[in-house]
Structure formats: structure tokens, C-alpha cells
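K.L.:
One structure, pasted below without further comment.
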Amino acid sequence: MSWSVLEALRKDPEILRENLRRRFLPLDMLERAIELDRKWREAVTELNSLRERRNEINRSIPRADPGEREELIRKAKEIGEEIERLEDVLEKLSQERDSILMSMPALIDDSVPIGPNEDYNKPIRFWGKPKVPRSKLDSFMEQTRGFNVEYELIDWEPLGHADELEVMLKQVDTVKAGQLAGSRFFYLFKDIVWLEQALILFALDKISRKGFIPVIPPYMMRRDYYLGVVDLNTFEDSIYKVEGEDLYLIATSEHPLVAMHAGDTFTEDELPRLYVGLSPCFRKEAGTHGKDTKGIFRVHQFTKVEQIVFSKPEESKYWHERLIENAEEIYRELEIPYRIVNIASGDLGASAAKKYDLEGWFPAQGKYRELVSCSNCVDWQSYRLRIKLDRKGRREFVHTLNSTALATTRTISAIVENHQREDGSVRIPKALRKYLEIFEQAPKEEIVPIEKILKE
């Protein structure tokens with residue numbers, strides 16, 4: 001049983017060098033790991049030789065003459081002391097080597113576009129007929145260059161989601177929430193509460209019908225499990241730690257759902273294992289100062305429905321495509337125009353071998369914005385968490401995949417921009433209406449500004 005990164009380190013370290021180059025990361029730590037592994041293997045060879053020599057001596061002691069026996073016992077003791085020393089050396093070498101290897105990113109897929117940052121992300125397909133305000137036409141044409149995307153040109157300016165929700169509809173309040181908890185928090189009221197619940201039910205219903213098991217996970221995790229699902233050296237600033245406790249609030253249900261199978265071994269007929277998680281998500285949004293400060297698009301707390309797959313290694317590419325297709329179905333039914341983007345090598349997180357983003361069209365901003373992130377993490381997480389596949393005695397690491405199905409606050413933001421009318425009312429997508437009809441107080445077909453209600 002071998003981890004892809006460790007196997008490459010020993011068989012062809014140039015694979016790892018090239019992987020780091022393609023990710024625009026430094027090579028120095030890798031060279032250190034190669035040297036440590038060389039010393040470790042030399043020490044293992046020496047240790048095995050010493051153990052074999054000690055065993056030979058121990059076997060000869062009972063047959064030796066009394067005078068010779070004492071010398072053999074002395075030699076066996078000396079070898080034993082050397083074995084103990086080498087075992088300590090091996091432990092230190094393996095700890096330092098493995099610490100470096102644990103920081104190594106997943107081997108990226110050959111289909112990933114190469115580039116240092118998000119500017120090199122590659123759109124691969126578009127869906128829908130976006131409403132494009134005349135003032136945003138140039139921006140839209142730039143973002144759809146190379147694709148023949150049909151659009152509807154409009155001569156009025158939709159309100160941005162923040163103003164629509166807080167000023168026009170008056171059903172979100174980030175000011176009061178800010179006084180209570182600080183920036184990037186919010187209150188939802190009335191119809192927007194019902195809309196959020198309908199979105200959750202819609203996504204859970206749709207994904208579970210595809211064979212995914214619904215799960216509500218713990219909302220906190222211990223550090224040693226978090227180390228298994230993310231590169232905590234870079235991610236720790238993004239999550240909340242409980243003061244005085246070895247616990248972190250989860251940033252997504254992906255993390256506890258993947259960690260749920262830590263130490264488990266699957267048989268071939270037990271895979272794929274499919275889950276759809278529902279949880280609040282807590283994020284510091286470190287490094288986003290000044291970005292999306294208004295509204296509920298980028299917040300510290302939100303609810304998300306997440307898809308998780310544990311698969312055989314040879315099937316993970318198939319499941320990666322299925323996961324993004326599931327997300328596309330959701331946003332097609334919500335009638336949100338979108339594009340699918342293949343994320344560039346330099347913009348990938350350490351755990352992902354390949355990632356797609358689904359970016360929804362926001363008419364008021366004139367931009368496609370991220371709504372879904374869909375990653376194939378290959379054996380990066382399973383190695384750390386020791387999640388294995390047993391093929392009739394031959395063991396290997398499973399592959400793990402994750403994808404947003406629906407994040408409520410961003411989806412609400414997309415709905416109020418794309419389904420907004422000139423009078424400020426918002427049409428509710430037909431796909432959500434059956435989840436609202438059962439509640440007497442819930443809106444059914446539209447969300448109406450308070451001023452319009454008072455006039456009527």
C-alpha cells in the first residue's frame with residue numbers, strides 16, 4: 001500500500017518537482033524530504049542487518065563454549081544498544097520527512113490549466129440566458145469571450161443583492177448584526193427565512209434522490225482530525241478555534257464527513273460511499289478585507305448543503321464530473337445563469353488534484369461569481385486519515401471528493417439579482433415553490449417590497 005506522493009518521492013521525485021513547479025511553489029522542502037528519505041532507507045537497511053546479526057548471535061549462544069558465550073552476550077548487548085540508537089534515528093528521520101510530505105500538495109491532474117493565479121482559470125462551458133444591463137455589456141462580453149452565449153440586454157439597472165435585500169425588501173439586516181457580532185454577520189427575516197429553508201429542502205431532496213445519504217455532522221472538530229482534511233498551516237487562520245479547548249468550528253460539513261471514516265477500511269463492494277451533508281459553516285474570511293463588505297455574499301456564518309464521495313481510485317474522475325453535474329442541475333432548476341471554470345494550478349488548494357467552480361451570473365455586478373466549489377482530492381485526505389480500500393488483501397487509499405450542492409446566502413444573493421423585477425419584487429423560482437406551499441405564512445410565487453405591500 002502506497003501513497004501517491006511517497007511513491008513518487010521514491011520512484012521518480014521529478015514528478016513531485018514538476019508538480020511543485022506547476023503549482024508555482026518552492027522546491028527546497030522537497031529536496032530536504034528526498035534527502036531525509038534516502039537517509040531513512042539507509043538506516044532501515046543497516047537496522048535490518050543489525051537485527052539479523054543479533055539473531056544469529058542469540059541462536060549461537062546456547063551452543064557456544066562458556067568462554068565464548070560471554071563474548072557473544074557482550075556483542076549481542078552492543079548490537080542491541082546500536083539498534084536502539086538507530087530506531088531513535090529512524091523515528092526522527094521519519095517524523096521530519098513525513099512532516100514535510102504532509103505539507104506536499106496533491107499531484108495535479110493533467111487537465112488542470114497551468115497558471116500562477118485565478119487569472120488563468122479556464123471557463124469551459126456556460127448555461128442560461130443572462131440578463132445584462134446595458135452598462136455591464138462590455139464586462140459581460142469580456143467574460144464570455146470565445147463562447148457564443150445568448151443574453152438578454154436590459155435597459156434598467158437591477159439593485160445589487162445587498163441593497164435589494166436590506167433596502168428594498170427590508171428582510172436582511174447586517175447593521176444590527178454588526179453591532180451585536182461584528183462585520184459579516186446578518187439577521188434574516190420573514191420571506192428570506194422561508195426562502196433559505198426552501199433552498200435547503202430542495203438541495204437535500206434533489207441530491208438524496210441520487211443515492212446520497214443525508215447527514216448532519218458535529219459542528220466542531222479536534223485538531224488532529226482537522227490536520228487530516230486540510231493543510232492547517234495555511235487554513236488555520238480561516239477557521240475559528242474554541243478558546244481553551246482542542247476544538248475548531250467547522251468551515252464546511254466536508255471536513256467532519258470525510259473525517260467520519262478515519263481509520264476505516266472499505267471493501268470494493270462498499271464503494272462508492274455517497275453522503276449529502278447539511279451544516280452551518282463558520283469562516284473568518286481571512287485575507288478578504290475590503291471584499292464584498294455589503295450584503296450576505298461573503299459572511300462568517302452560513303448554511304451549506306455539501307456532496308461527499310469516497311470512491312475507488314480509478315473511479316474518482318468519473319465522480320468528479322457527476323458532482324459538478326449535480327450542482328449544475330440545481331442551478332439550472334433555480335434558473336441562475338452560470339459558467340463552469342477549470343481552476344488553474346496556482347489557484348488550487350493543497351488537497352485538490354483538480355477543481356471546478358460553478359460561477360453564477362450577477363446582473364447588478366456584471367460578473368460571474370463563485371457559487372460552487374467541486375474538488376477531487378484523490379488520496380490526499382485518505383492518506384492522512386488512513387481511509388483504505390481492501391482489494392482481496394491488497395490495500396490502497398480511497399479517493400475523496402467534495403462539492404457544494406448549495407450555499408444558502410450566496411444562492412439567495414444570486415436569486416434576488418437574477419429574478420428581480422423593475423418594481424423591486426423578486427420572482428421565486430418554480431423549483432422552490434412546492435417546498436413553500438406547505439407553509440401557510442411562506443411566500444409562494446414572489447417576494448414583494450414592503451412599500452408595495454403598503455400601497456396595495
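For all residues, glycine too, the Cβ spot is worked out from N, Cα and C.
Sharing the features that Swiss-Prot gives for it:
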BINDING   THR252, SER253, GLU254, GLU306, THR404  L-serine binding site
BINDING   ARG283, LYS284, GLU285, VAL299, GLU370, LEU371, VAL372, SER373  ATP binding site
K.L.:
Please state how far apart, in Å and to a whole number, the two most distant Cα atoms are among ARG283, LYS284, GLU285, VAL299, GLU370, LEU371, VAL372, SER373, the recorded ATP-binding residues.
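P.N.:
The span, Cα to Cα at its widest, is 19 Å.
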K.L.:
Tell me, how many other CB atoms lie within 10 A of the CB of THR404 (L-serine binding site), whichever protein chain they belong to?
P.N.:
27
K.L.:
Give me the sequence-ordered set of same-chain residues, not including THR252, SER253, GLU254, GLU306, THR404, with a C-beta within 8 angstroms of the centroid of the L-serine site's C-beta atoms.
P.N.:
HIS255, LEU257, GLY277, SER279, CYS281, LYS304, VAL305, GLN307, ILE308, ASN402
K.L.:
For VAL299 (ATP binding site), which DSSP three-state class applies?
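P.N.:
Coil, per DSSP.
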K.L.:
Under 8 Å Cβ to Cβ from LEU371 (ATP binding site), same chain, six or more residues apart: give me those in sequence order, or none if nothing qualifies.
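P.N.:
When sequence neighbours closer than 6 are ignored, LEU371 (ATP binding site) has TYR331, ILE336, TYR338, LEU358, GLU359, GLY360, THR404, ALA407, ARG410, THR411, ALA414 within Cβ distance under 8 Å.
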K.L.:
Of the binding-site residues THR252, SER253, GLU254, GLU306, which one has its Cα closest to the Cα of GLU285 (ATP binding site)?
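P.N.:
It is THR252, whose Cα lies nearest.
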K.L.:
Out of VAL299, VAL372, which of these binding-site residues shows the lowest number of other CB atoms within 10 Å of its CB?
P.N.:
VAL299
K.L.:
Restricting to the binding-site residues ARG283, LYS284, VAL372, which ones have a CA within 10 Å of the CA of THR252 (L-serine binding site)?
P.N.:
ARG283
